[in-house]
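Novice: In case it's useful when we look at the structure, here is the feature table from Swiss-Prot:
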type	residues	note
COMPBIAS	69-88	compositional bias 'Low complexity'
COMPBIAS	89-100	compositional bias 'Basic and acidic residues'
CROSSLNK	Lys92	ubiquitin cross-link
CROSSLNK	Lys93	ubiquitin cross-link
MOD_RES	Ala2	N-acetylalanine
MOD_RES	Ser101	phosphoserine
REGION	69-114	region 'Disordered'
Amino acid sequence: MASVSELACIYSALILHDDEVTVTEDKINALIKAAGVNVEPFWPGLFAKALANVNIGSLICNVGAGGPAPAAGAAPAGGPAPSAAAAPAEEKKVEAKKEESEESEDDMGFGLFD
């Protein structure tokens with residue numbers, strides 16, 4: 001979980017981005033000081049450097065666009081490639097999802113007191 005210092009810097013950077021102002025250490029410090037939050041001195045510089053060459057708008061839009069989940073187990077040493085082992089696991093997941101969706105379609109929630 002993020003600390004208060006990290007959250008203050010994050011919110012400051014988002015405010016600056018929303019106002020279409022360049023994110024700098026001084027501007028982050030100014031917002032944090034105006035909010036009355038005590039922050040360790042390295043946080044604003046760290047966030048300013050991290051966000052210097054980043055398109056914050058695209059970063060916000062792509063937050064939930066992660067890759068596929070890793071396979072359930074690791075392949076044993078000298079075993080088949082992970083992609084070959086992951087294919088049956090993916091088929092099982094798809095079948096399980098289909099079964100769950102069929103069950104949810106059948107049960108409309110009318111049996112609350114059964």
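Cβ coordinates are placed from backbone N, Cα and C, and glycine is handled just like the others.
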Novice: My understanding is the cutoff is Cβ-Cβ under 8 Å with a sequence separation of 6 or more in the same chain; which residues meet that for the residue listed as 'N-acetylalanine'?
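Specialist: Listed in sequence order: Ile10.
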Novice: Can you check what DSSP calls Ala2 (N-acetylalanine), collapsed to helix, strand or coil?
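Specialist: Going by the DSSP assignment, Ala2 (N-acetylalanine) belongs to neither helix nor strand, so it counts as coil.
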